[in-house]
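Participant: Mind looking over this structure? Questions follow.
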Amino acid sequence: MRKFTLLMLLLIVISMSGIAGAAEVKNLNTSKTFTKIQEAIDDPSTTDGNIIIVGPGNYTENILVNKSLTLKSNGSAIINAVSSEKSTITIKANNVWIEGFIIIGGKNGIYMENVTGCTITNNTIQNAFVSGWEYYGGNGICLVNSTNNTITNNIIRNNTWNGINVCESKGNIIKNNTIMYSGGIGIYVWGFNKFEGNNIIENNRIINATYGGIYLFRPSNNKICRNYIANVSSGGGGMSGAICIDVSDYNIVKDNIGVNCDGGLFTDGMIGNEITNNIFKNCKVAVSESTYGPASRNNKIYGNYFINYETAISDPKGELVDNIWNTTEGGNYWSNYTGNNTGDGTGNIPYYYDNKPLVVDLAIEDIAAKPSGIEVRVKNLGKADIKKIDPLTKLKIKISCDNDVYETFIDPLSAGESQIVRWDKIVPEGNHTIKAEIPYSAEGYLIGTNIRDADISNNVFSKMVQGFVQNKTFTITLTNLGKSTITIKYYISIYTNPVNGTKVSYRELTITLKPNETKTIELGKYPFKYAVSGTMIVKNPSRYRIPLNLRIKYEIEGLNPQMREISKYMAPRGEFRYIARYTGKEEGYADVW
């Protein structure tokens, strides 16, 4: 009986554990619960506008959303496709909201066709798979003929083809997504014919794609802004780049960064695009034009930074000539450009099609000696922004004065930006030559960088400066070493010169010192070459002879103090008069008894 009871208790515990761990799907509007997401969607009482909350757990199913619903999870609901022939989630209704899921496998992670107003946010979508090429397969998210949808803050990775595939879809917002390890393209916007896209693609991070970071094929009027793209290979096809614009017109491509890609900017038959303020770094080919399609023309391509490339422009047919590569203010920055500054911050000779390449021109503008030290003003006279070229670089500055040398580093400067370099060396009185320089190599590269200075003639600057008088604190310290209280009358003057200088200060003091008492007289701050003159009178009011034991210390800040000790007897009703002049040097100390 005891064994039977224990067995029953064990079965109850196991049963309760299973109930507690079971996945739960709840319609907040009807309060009904389900074990499958599709059951909750298909329930007759589930209608447009309902909110379905999906609890933590594994859901093995392919889901069809054919109602305007909100499906939400807290990030712990995992949807595994049961069939690889279908997308894990297929959306066939407008105004659907999908949030907080881990979506694995399927023909696509999420497939949307002929829908509008849907939001896909804060999901992880991975491992969509097809065995060969398909127009609408192997994508993390696939939009077909869909408008005004928002795809944001998703992690999309390890998909056979594209991270996000957008086919003949308009007015969509794709932003703040992280897309990694795409077998095809990170974000692919395309159509079978030219179409008005008006999609916004911004602030996405695309890492490791095979055929392109962001690829536009035939859509027009899209905005591609502030995306970061890294590690895009050519997939063996040769037509690839961080950003690819292929028979796609009137797009704005601005403020994007592409690094470590086979190609930076890939173009083919594009018209009227504005491609400005982008950075392409460590790409094998900075700009390449396809040899297959029509020529690209009337595009604005300026204000971009092409850094550390092997080939600047690949254009075998010369089809990129009919584009606007610069304004009157400047063109693009090319790291391999070797021309010099013309005085306006741009190069003196064209670089391929760019007639006004942006250059770096660091210059020492001025040197000043101040009471606090030496100041050197450094300015970037070029129109290239060093912060964009290498935001982590340090620029070496060297300053020398007399026999002292000071070396330091400054942060990169934007175009036209100045910075003050301060050296806390106090320049003494008199004339001194100060030299400041921005070191560079024989080829004109700034030391410690891969940045060429387009005008080294202004990298060195010397200036004769007048030093400053250094004010120091003057003090007199008196100590009564005797056993009697004494009263001292002190007349103190400050002179500009120890011998015959002008008097600049005068004080009369009466000081009483008890036995073993010390008092300090603060005289103020004066140039260290000034002198202190003091006349001290000590009177003996007694009718008896008394001993006088007194220590006097004259001190100028930073110089050796001078001390005198007086030990003598004072006559009855007599006085002792002591006169001294102090300059801070032993030979300048004179006393009279």
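Cβ coordinates come from backbone N, Cα and C, glycine included.
Not measured: the values here are computed from a predicted model.
Annotations for this protein, taken from Swiss-Prot, read as follows:
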SIGNAL    1-22  signal peptide
CARBOHYD  Asn29  N-linked glycosylation site
CARBOHYD  Asn58  N-linked glycosylation site
CARBOHYD  Asn66  N-linked glycosylation site
CARBOHYD  Asn74  N-linked glycosylation site
CARBOHYD  Asn148  N-linked glycosylation site
CARBOHYD  Asn158  N-linked glycosylation site
CARBOHYD  Asn176  N-linked glycosylation site
CARBOHYD  Asn231  N-linked glycosylation site
CARBOHYD  Asn326  N-linked glycosylation site
CARBOHYD  Asn336  N-linked glycosylation site
CARBOHYD  Asn471  N-linked glycosylation site
CARBOHYD  Asn516  N-linked glycosylation site
Participant: What is the nearest of the glycosylation sites Asn29, Asn176, Asn231, Asn516 to Asn471 (N-linked glycosylation site), using the Cα of each?
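Facilitator: It is Asn516, whose Cα lies nearest.
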Participant: Express the distance between the Cα positions of Asn516 (N-linked glycosylation site) and Asn74 (N-linked glycosylation site) as a whole number of Å.
Facilitator: 81
Participant: May I ask which of the glycosylation sites Asn29, Asn66, Asn74, Asn176 is closest to Asn336 (N-linked glycosylation site) if we compare their C-alpha atoms?
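Facilitator: Of all the candidates listed, Asn176 is nearest in space.
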Participant: Within its own chain, what residues at least 6 apart in sequence put their Cβ under 8 Å from the Cβ of Asn326 (N-linked glycosylation site), listed in sequence order?
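Facilitator: Counting only residues 6 or more apart in sequence, the Cβ neighbours of Asn326 (N-linked glycosylation site) under 8 Å are Tyr302, Asn332, Thr346, Asp354, Asn355, Lys356, Pro357.
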Participant: Rounded to an integer, what is the Cα-Cα distance in Å between Asn176 (N-linked glycosylation site) and Asn29 (N-linked glycosylation site)?
Facilitator: 31
Participant: Compute the C-alpha separation of Asn29 (N-linked glycosylation site) from Asn66 (N-linked glycosylation site), stating it in Å without decimals.
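Facilitator: Checking the Cα atoms of Asn29 (N-linked glycosylation site) and Asn66 (N-linked glycosylation site) gives a distance of 17 Å.
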Participant: Using C-alpha atoms only, work out the spacing between Asn158 (N-linked glycosylation site) and Asn148 (N-linked glycosylation site) and round it to an integer in Å.
Facilitator: 26
Participant: If I take the Cα of Asn66 (N-linked glycosylation site) as reference, which of the glycosylation sites Asn58, Asn74, Asn148, Asn231 has the closest Cα?
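Facilitator: Looking at Cα distances from Asn66 (N-linked glycosylation site), the smallest one goes to Asn148.
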